[in-house]
Amino acid sequence: MRIGHGYDVHKFGGEGPIIIGGVRIPYEQGLLAHSDGDVVLHAVTDAILGAVAMGDIGTLFPDTDPAYKGADSRVLLREAFSRVMAKGYRIGNLDVTIIAQAPKMLPHTPQMRVNIAEDLHCHVDDINVKATTTEKLGFVGRKEGIACEAVVLLIKESLS
């Protein structure tokens with residue numbers, strides 16, 4: 001078994017909507033990023049890569065490479081996870097915490113779970129996505145951006 005932790009943050013800017021967990025969410029602003037700015041999938045990608053000591057999303061998909069400009073983070077997650085599966089690992093469980101003052105995430109978390117489970121080839125019951133605020137404190141509380149943390153347990157498949 002291997003445990004990984006991922007963290008990502010993006011600043012609000014430009015026009016909405018935003019994409020979080022592969023879900024398009026209406027909002028007055030977008031998230032500034034080289035790719036689509038999906039903080040959930042970026043944190044998840046970092047967690048799975050970190051669990052198997054394969055670096056992070058920025059190493060695998062550098063923001064200096066124009067090929068990833070505006071990239072769909074679901075595509076990036078699938079590519080990263082294919083490398084993790086090639087090492088013989090599968091998802092045990094994944095726990096995601098979105099830290100955002102706005103917009104409200106609860107209506108969207110069920111679809112986020114479905115998207116992530118599909119991308120990671122696991123059951124939706126292995127995926128948890130929840131959201132919290134910072135009680136109006138800090139950059140998140142001032143609605144300047146969104147952050148996300150992810151913790152994953154990977155299980156090595158037996159070669160029987």
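The backbone N, Cα and C atoms fix where each Cβ goes, glycine too.
Cross-referencing H42, H108 with the divalent metal cation binding residues that Swiss-Prot gives (D8, H10) picks out H42. In this structure, the recorded positions under consideration are H10, H34, H42, and the one with the smallest number of other Cβ atoms within 10 Å of its Cβ is H34. DSSP classifies H10 (divalent metal cation binding site) as strand under the three-state reduction.
In this view, S35 (4-CDP-2-C-methyl-D-erythritol 2-phosphate binding site) is surrounded by 21 other Cβ atoms within 10 Å of its Cβ, with every protein chain counted.
Most Cβ neighbours within 10 Å among the recorded positions T132, T133: this distinction goes to T133.
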